[in-house]
Amino acid sequence: LAWGLCLLRLSLAQIDLNITCRYAGVFHVEKNGRYSISRTAAADLCKAFNSTLPTMAQMERALSVGFETCRYGFIEGHVVIPRIQPNAICAANHTGVYILISNTSQYDTYCFNASAPPEEDCTSVTHLPNAFDGPITITIVNRDGTRYSQKGEYRTNPEDINPSNPTDDDVSSGSSSERSTSAGYNIFHTHLPTAYPTEDQDSSRVSSNSDHTPITKDHDSSVHPSERSHTTHGSESAGHSSGSQEGGANTTSGPMRKPQIPEWLIILASLLALALILAVCIAVNSRRRCGQKKKLVINNGNGAVGDRKPSGINGEASKSQEMVHLVNKEPSETPDQYTTADETRNLQNVD
């Protein structure tokens, strides 16, 4: 139980922040290896990094210099995934800045640092410059694996500090898993100004470009991010299929939604498991003590007084013993009687 309480305190007093490289000032932040950042906490976290939530234009600029993830995160006004290469398990196989219309409230976040270099910057971040005093141990985990810890706090909303809503137990950054909902998706797709793959896409998607001259091309052909322009597509229903590309047809889907497991339930289950283990150990120990065999000591009473004490314990057992006596019955006629009878018969025969 003491170990369980210790683990509970540690889980509540420590935050791990996994961050990526900066691309045109934009970077991704993940808390404690799962979707666990609210929109208010996202703004506070970016502020602690001396940054802000990026706008759509800033996210598109980051995409153009090579920024992509497989994790939903907050930007200004949206929840998005930036994708350059299509992947059936990331952003439903779409590319561009993929917008999610969600019915849940906790994801990762993206931040924008205006003082970062205009291209890619993978310099390690060592601290939260705008964090204030607090009891929480905040650990920054950079992409190269370096870790830097400090005591402090960055959240200002009491609901973010002591959440009452459960969070999704998801996987770490860059994983193939992502969140899927029953709501529709809006797509901010990017493409070449004079070409767009109209025939290879689903019929529900609407395409447009500056020339209004769509040219059919293979879906697998690559488009350099720097040559892309911003295009808005209509809402699309979140289907559930395998995302195959056979014969030029492209069927996409969102992954299965993971069940929501609150942190307090995980901690409670750990404590109950620990208590159960302790109870089993106590029961086994008690059974061993109660199950010890008692030795039966039989004394014939010839020893000293002290030696005869055990025989008193077994007195009842000795009283229950039965003595069996064998009694030899004598025959009704003695040998002398047999001899007299024989002589009488002999005399009668002589006469």
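Here the Cβ of each residue, glycine as well, is placed from N, Cα and C on the backbone.
According to Swiss-Prot, C21 forms a disulfide bond with C122, chosen from C122, C281, C290.
Of the cysteines listed (C111, C281, C290), Swiss-Prot assigns C111 as the disulfide partner of C46.
In the shown protein chains, 27 other C-beta atoms lie within 10 A of the C-beta of C111 (disulfide bond). Other C-beta atoms found within 10 angstroms of the C-beta of N50 (N-linked glycosylation site) number 13, with every protein chain shown included. Considering only the disulfide-bonded residues C21, C90, the Cβ with the fewest other Cβ atoms within 10 Å is that of C21.
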